[in-house]
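J.: Under the heading Fe cation binding site, TrEMBL lists 118, 122, 313. Among the features that TrEMBL reports, substrate binding site is placed at 140, 141, 142, 143, 144, 173, 186, 190, 285. Marked as domain 'Gcp-like' by TrEMBL: 30-320.
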Ligand code: KG4
Ligand code: ZN
């Protein structure tokens, strides 16, 4: 197999996206197009993603988004090596829309179908953007996921830590909501934090110092709520100080948990990670990025954080994961099922597991 050219489709949450990515024989990649249509405005009035509305919005725009991705890449369906879609985990209505469309295209164009795990796609993006080699330590931090994963190979993932309650992005969003900041809250909390006093409130740093690299955010979130209730009505300075103190706690927790994760990685793999890779929307946060840079230096490894547009949900990551799988002859039958839950590491996914 020579160069691979793969179309990727992403519809698991509130982004409708399609992209064309190439993968050379040597394993380097190039994004030929990456069309992303966000539904943020559609869901903003509800303060969160409404699954039924999301599914309908995907149906309305997906065909157009795919056509645009193909046009920008300047290719025809016959030029493709395969067609990939995120088959989960995510909101099942949206997943069905994307996967069914990919199946129809694969059938009509007689191309192999690749059913991609959305989390795997986040994990492998840094190989496209930064040429990261296996094995590496992945910190996945988004609105729905908070995980530390040892990535050994395509398809070989060991989850070494996860959140016991809220995802980090979710905690940012909830704090924003209680302080009446717009949705999605992460960027607004960061903006407020930049002009606030991070030492005004000493919020708890849950699980800090524990050996197991897990996360817990709900106690921290509750502490912010209690403080906000006590101070109400809030001044602009109160809001900024609450955001700064909250973010400082999150930054310290992440630093400590990543250190614990690196220790477990070393025990399990018998070596240190070739890189610390960060993915998910929260990776856009400047304070978190800066701290992780220090941690990577401390761990003697490189830090790889894809550009913000490739950290959040996008079709290019699905196309790339599809190409990585296709290069290893990992393809799927046309009757492959969409999955609302689909843990990267089925072994670690006990009864406590979140998809
Ligand atoms: O990966 P993503 O686009 O969607 C999924 O959740 O899959 O991540 C979105 C999350 C939201 O919770 C959002 O508030 C958070 O990432 N986020 C941030 C920042 N930008 C986005 N959190 C903290 N600081 C930011 N600058
Ligand atoms: Zn995602």
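Heads up, the Cβ atoms here are built off N, Cα and C, so glycines get one too.
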J.: To the nearest whole angstrom, what is the C-alpha distance linking residue 118 (Fe cation binding site) and residue 140 (substrate binding site)?
T.: 11
J.: Given the binding-site residues 140, 144, 186, 285, tell me which ones have a C-alpha lying within 10 Å of the C-alpha of residue 122 (Fe cation binding site).
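T.: Among 140, 144, 186, 285, the ones whose Cα sits within 10 Å of that of residue 122 (Fe cation binding site) are 140.
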J.: Please go through the binding-site residues 118, 122, 140, 285, 313 one by one and keep those whose C-beta falls under 6 A from any atom of ligand 1; give the result in sequence order.
T.: 285, 313
J.: Which binding-site residues of 140, 142, 186, 285, 313 contact ligand 2 in the sense of C-beta under 6 Å?
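T.: Within range of ligand 2: 142, 313.
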J.: Looking only at C-alpha atoms, tell me how far residue 140 (substrate binding site) is from residue 313 (Fe cation binding site), rounded to the nearest Å.
T.: 12
J.: Around residue 144 (substrate binding site), how many other C-beta atoms are within 10 angstroms of its C-beta?
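T.: Around the Cβ of residue 144 (substrate binding site), 21 other Cβ atoms lie within 10 Å.
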J.: At the Cα level, what's the spacing in Å between residue 313 (Fe cation binding site) and residue 144 (substrate binding site), rounded?
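T.: Distance between the two Cα atoms comes out at 11 Å.
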J.: In this predicted model, what is the average pLDDT of the domain 'Gcp-like' (30-320)?
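T.: Per the prediction, mean pLDDT sits at 96 for the domain 'Gcp-like' (30-320).
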